[in-house]
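Now, the feature entries from TrEMBL:
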type	residues	note
TRANSMEM	20-38	transmembrane segment
TRANSMEM	91-116	transmembrane segment
TRANSMEM	151-170	transmembrane segment
TRANSMEM	223-247	transmembrane segment
TRANSMEM	268-290	transmembrane segment
TRANSMEM	310-332	transmembrane segment
TRANSMEM	339-356	transmembrane segment
TRANSMEM	362-379	transmembrane segment
TRANSMEM	400-421	transmembrane segment
TRANSMEM	479-501	transmembrane segment
Amino acid sequence: MNWKNFNIIRKKLGTHKYILLIYLLIVILASLLLYSPWTQNTSYLVELTGKQKAIPRISYINALFITASAFSDTGLVVVDTFRQWNMFGQSIIAILILLGGIGVFALKLFLINWLFRRKTTTLSEIKLINNERGSDDIAQTFKLVVTAVKFLLLVCLIFGFILTFYFYFVGPEHPKDFVDPASFINPKGNWSMSFRFGFFHSISALNNAGFDILGENSFMPYYLNYGLQAIFIILLLIGGLGYPTIYDIYCFIVHKITGKKNKYHFSLFSKVSLTTYLLVTIFGFLLISLTEILSNSNNTFWNMEMNGSIFAKSFALFFCSLSTRSAGFSFIDMSQLNSNTAVILLIMMFIGAAPASTGGGIRTTTFAIIVAMLFNKILGKPRTRMFKRTISLETEKQALLVFVISIFLLIIISLICSTSFESYGGNIKTHYSKVNDGLQSKEDQYFSMTQIIFEVSSAFGTTGLSTGMTKYFNIGSKIALTLLMFIGQFGISSTILVWGFKNYSNKFEYVQSDLTTG
């Protein structure tokens, strides 16, 4: 097939379908690579015994699930990333995270047009990039994307070296009996391992992916390493801003450096996304802290002595709140949190990060518009207003549509995933099973429907926080979550445009009528 025919097919598909097709091809090809024996370990060394333990080869469904999770920057996994994949496999996962986070077409524009100094960019290419990582102003797309990609790659490189030195010189710190020393990999004193850990986690954190190669307990061994958590907080904040906001901040800095006297005006997008991002994080932290502190159970996070001091617990909960913005890194055992905390966290994951960022969910701007609509309606205002701007009726309708479809998806996927419960022939035991089992093993884990919705919200928000039940899901549930992660990254609005029909307007309209609502 020559390029002329290829371009004809691309035009027939349309922008959104073409982007989706490229994404699907990348996921399928990468999943085949991760399924191949070239990328998988056959065994790993058990340090306490000095013996090799065999690792079973992963199934294709699990390889596809991991690929979708990496490309959508989610972080939900069904196997230990370090032990299952060799260096080649981990490199593929890191590349997928980078492609999914920064954007396939955004990277293409940066490499070909800016790095290799190609002088021309077609309108169709600009439209592709604008739909993937652009803003409402298509005229600014080229400058916006190139500036944001340069900044993100530079940040990734700098923090890759910072984390390399950190992992080499600083060992994990955690309370006594907090984690099993044999369950994680300690890179301290090993330059090769520290370099690998540094750059993998720099890529993962900046792109809000939630993947780690530390072992089955994620970052729990570094529970008291506040310096590491501070580094990740910076990376997570940068990754969750969105390209338009990064470009806006860049323009503001240039404006100040050049000494222009007129006041710089941030875009409405930047104001709304930044304000909502910070408010959701802060209020979320206050709410989850309140629910944990007020809990009377000795088996919840706040009341367990092994979780350290009040400051340690508070800092861990703050990081957890920030992590729901689509980050997915966890320094605590999520199953220790009480059910009320889990509900607050799943709502935060459902909201997600900013549009045109590395995150998913309904997006901060959608949530802000819906909240503003409610407040303006209560105050008796005829239109929705934000930061001295009136939001168009079309934008309001789009926000409501995204919200309703997202709720519908959450319910449907949660019901599909509930078929993994033992009562439906699955492998997941419920608390009802615990009552009826009689004698139970200490290793047995029991889950509830709240935790199912938590996992589904994590997939939709491309967050990656998990209570540990993902690996127990049946094939149907994993396929459903794979699709949901894809939708979460692609965006509800873009998904609607992919499957939407062309609008052939009628020459007439029916008589308007009112209908009583609730």
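Using the three backbone atoms N, Cα and C, a Cβ is placed for every residue, glycine included.
What TrEMBL says about a protein is an automatic prediction, not a curated fact.
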Of 268-290, 339-356, 362-379, whichever stretch has the most CB pairs under 8 A to the transmembrane segment (310-332): 268-290
Within-chain partners of the transmembrane segment (91-116) [C-beta distance under 8 Å, separation at least 6 from its ends]: 19, 22-23, 26, 30, 33-34, 39, 66-67, 70-73, 81, 85, 125, 128-129, 132-133, 142, 145-146, 148-150, 152-153, 156, 199-200, 203-204, 206-209, 211, 239, 243, 358, 489
Criterion met for the transmembrane segment (268-290) and the transmembrane segment (362-379) (at least three Cβ pairs under 8 Å): yes
Long-range Cβ neighbours of the transmembrane segment (151-170) (under 8 Å; 6 or more residues past either end): 98, 102, 110, 187-191, 193-195, 197-199, 201-203, 205-206, 225, 227-228, 231, 234-235, 238-239, 246, 250
